Amino acid sequence: MSEVLPADSGVGTLAVFMASSGSTDIANRNSPATPPNTLNLRSSHNELLNAEIKHSDAKNSTPPKCRKKYALTNIQAAMGLSDPAVQPLLGNGSANIKLVKNGENQLRKAAEQGQQDPNKNLSPAAVINLTSEKLEVKDPHPQESSGCEILPSQPRRTKSFLNYYADLETSARELGQNLGPCQGVGEEKAQPGPGQAPVVIGNGDLLPQKPNKPQSSPEDGQVATVSSSPETKKDHPKTGAKTDCALHRIQNLAPSDEESSWTTLSQDSASPSSPDETDIWSDHSFQTDPDLPPGWKRVNDIAGTYYWHIPTGTTQWERPVSIPADLHGSRKGSLSSVTPSPTPENEKQPWSDFAVLNGGKINSDIWKDLHAATVNPDPSLKEFEGATLRYASLKLRNAPHGDDDDSCSINSDPEAKCFAVRSLGWVEMAEEDLAPGKSSVAVNNCIRQLSYCKNDIRDTVGIWGEGKDMYLSLENDMLSLVDPMDRSVLHSQPIVNIRVWGVGRDNGRERDFAYVARDKDTRILKCHVFRCDTPAKAIATSLHEICSKIMAERKNAKALACSSLQERTNMSLDVPLQVDFPTPKTELVQKFRVQYLGMLPVDRPVGMDTLNSAIENLMTSSSKEDWPSVNMNVADATVTVISEKNEEEVLVECRVRFLSFMGVGKDVHTFAFIMDTGNQRFECHVFWCEPNAANVSEAVQAACMLRYQKCLVARPPSQKVRPPPPPADSVTRRVTTNVKRGVLSLIDTLKQKRPVTETP
């Protein structure tokens, strides 16, 4: 009968198989059971690979949910490739039997020592030799048990890892069927669950389990600080919290007393609780400092000395300051860090702070997020991670700046205002979206579109500073985006060119700020959105104040311009003592060389008979030699007669508006016009023209018609209505009618006499 021994393990059990005989092994391998084509991963494959190791004490078992690293398994034995140095141990001679017994004795001795000192670990060399013997030795003599045999699954060199795993699973199933009648414990305890298997000692006896203790879930376990190799640490800023979560899942669950007694199975790595564990901070470039806050390390490299926050991957030049536990919830992100600091509501706490702040427990939601980030890494973040590393490598080369210098350089102008922001990108807008009543809705939609989809920062297109922290400065009527590291200006926008600005209206969007302006290169309207560390209402208020100031300055400048213009006007209205009124240069003046017969007063202002009688009287009273030569200048408004000998002597000056009648006499060489001098006095001036008076008469006629047109245009519309007819004896009526009649008769006379004068 099989002897049932108690096992002092409350966490889990592990099945360890020993070879019964060579024939049994062959029969097991040739059994009709077909290996499965799929891998059943309900239990950790590392536990199944270690199923051939026999343990006499259940304290050496691991917790059911604590999975050991791949490095804890001898890879050559798992793949069926045994070490050549131990290949002679595979024989069936007596030497092999002796080695098996020696190995069993060593295991029992180790178990007794483990009971005395549960926290003592075996040396790696002894464990490696012991494991090699147990994995490679096969007992040729069968051992009888109480009605049931334990069939081993011996890996062969010619089989692959998958074949070996399939045989191992088949053996486990057959063992479960054979052990059914002889188990002395309950069925629910005998069946191995995920990560569990019944404990079997070397002679085939089954060890019962103690009542299961409450298993610690990942949510209830206390999280320790992340430790990894130096290579992992170098890559840590790139992967961020996901790498920490992966290492946390493998290594950093709170170790139990049973787990602390496990020894390593390989020389490549040590147990998580082993004193031989490789410390990441053993590297000379990483130095521990007890004065630093939890999760911070000091790093020395070619760039200088800086500080690295392990959980978030944040690096900074300044020494971090310890923050009390009650202030963790209100911590602000550091603007001097290379990577973007999260907002206070989304800020993650360091791993070492979870146990203190949460009472030794992890929130289930946080655990699920960490688990999802580890199992399903997001490949779309590779581009952003690459940009982050490039940005970090550039900024770490710069010398650190002091806080005093930063504040002085940013706030050099006392009226300048600076805000910590992070760009979320821009969205193109149409002109009609900025119409009154639509602009606020359009800007809020842009804030929604960019703020909701940028939670994970999927891309860096259109994002100033590749999504990093920066300063938004309002100074000298300019909105500037300044790099917090080297104080370089990433973008500048004149405030007067900003069309619209606004703040997010949705719940939780009070920190989102947006403004709309036209791009100076593409001339398209862009709505730029930023995430602020403080409520964005402060930026909007500052912009409003600056715009009000600009409008007031413009209003004052306009008032000054109007006052100066009025002063100039008042100065121009002062009447000078002497003024010259030049003749308009646009006035057309025609000059004719004629002879002036003289002037004769007449009784009537119009009439050809009056004109002809005046011409005959002047021609008969003087000879042609006595007629002086003069220049007649015919302009639009004036007819002037100037002496040819003395150009400054004006003989006659007649305004066209006072010319009452004109015409050509019976002789085509004679030309005369009647001028109204006022007080019912009229004068008739007579001229002798060569070769005829046609050109002179046409010039004077054109001047009269132009003057008439100007009078019609200058008259207001209300005065264009024909006035009532004047009295019959009115001089005005008679003068107007006679002028028209005289002009028409002159035209008829010229038409009749022109062919005669031109005949030779």
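Positions of Cβ are set from backbone N, Cα and C atoms, glycine also.
Swiss-Prot gives the label phosphoserine to one of Ser160, Ser440, Ser572, Ser629, namely Ser160. In Swiss-Prot, the feature phosphoserine is assigned, of Ser61, Ser336, Ser409, to Ser409; the remaining candidates carry no such note in the record. According to Swiss-Prot, the listed position annotated as phosphoserine out of Ser256, Ser260, Ser269, Ser334 is Ser334. Per-residue pLDDT, averaged across the domain 'WW' (290-322), gives 80.
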